[in-house]
Amino acid sequence: METYDVLVVGGGPGGSTAARYAAKYGLKTLMIEKRPEIGSPVRCGEGLSKGILNEADIKADRSFIANEVKGARIYGPSEKRPIILQSEKAGNEVGYVLERDKFDKHLAALAAKAGADVWVKSPALGVIKENGKVAGAKIRHNNEIVDVRAKMVIAADGFESEFGRWAGLKSVILARNDIISALQYRMINVDVDPDYTDFYLGSIAPAGYIWVFPKGEGMANVGIGSSINWIHNRFELKNYLDRFIENHPGLKKGQDIQLVTGGVSVSKVKMPITMPGLMLVGDAARLIDPITGGGIANAIVSGMYAAQVTKEAIESNDYSPQMMQKYEKLIKERFERKHLRNWVAKEKLAMLSDDTLDKLVDIVSEQVLTTISVEAILKAIAEKYPEVVKELEDLI
């Protein structure tokens, strides 16, 4: 049997950040990763804002940054004038395009340097509970089953998260309309603008969008995400993306060198994400932005918050629901309002026709985005396209 103050299940950005901060707080910390290699396989567009690195005290390093972009462009179905957002206005997925595998390894190394133990190829097999409190996990490590006892467990086991369900948290179960199926190529020999990440809306990606994340030197991540309510299987999803690439002048002569697929949760903030002795972070806590599908930044922030409350709980020997809810309060304050707004937008956008989407993009592209407001958009739409105001009022 092994004993720790903190057990972190999962070695992604949320888990590594939680482990790093817990270790920095002087807590004996173990992080486990089920795969033999942290950061692999990559299932992500690899976009991240600069601000999150600063907030989490992560020094930008060219070893894990493939490209730095100025902003994002959002195209309507006609692909005429796009909405252009500078990086500071474009959200948590715009600023850097990462080498995600190297980034995840870097974060794990920071956790280890802070004092955390790291075990790879060590999946959690079950939850250990004592008197209603999560008290550790059964782990397969070095071909043995090991009981690891911990005062606090932080579950960062991603979209496929099992640990929370094993412990009895039902909130992490997703409705079908809150699951996106995603497929992405890494492409070479492409001709795309290296200064902007591009997003394409409309029937080319039903109830979702297509993205192009430039990585520099003729390389880009080109992917599609669509609701599983609209796409029946990944072959259909692949056909949509292949059709887009064939018709894109800068992509059609490129070659794909990697194909990755996966699922993404796009729900409102779900509670509870704690119980005595357990907190969920990142994708495991369903903290993916419902409109962008991005989750790296939210995973990092939630990992920081989890470590902060863990420190307080261990120092006071208090693992009550009231203590655990301090973490939930931080999560709600940071994410709840934004995720609700973006969830409503996601649901509404899925129902808009290509013609209406074009009109919306046309209006917003004309606005001065430093002073943009709901009132300004509605007024502009009423003046130019009065027939679609009713259709859009719930969205904006």
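Cβ atoms here come from the backbone N, Cα and C positions, even for glycine.
Secondary structure from DSSP puts Gly47 (FAD binding site) in a beta strand. The FAD binding site annotation in Swiss-Prot covers Gly14, Glu33, Cys44, Gly45, Gly47, Arg100, Ala124, Glu162, Asp283, Gly295, Ile296.
Around the Cβ of Cys44 (FAD binding site), 27 further Cβ atoms fall within 10 Å across all displayed protein chains. For the FAD site, whose annotated binding residues are Gly14, Glu33, Cys44, Gly45, Gly47, Arg100, Ala124, Glu162, Asp283, Gly295, Ile296, the maximal Cα to Cα separation is 29 Å.
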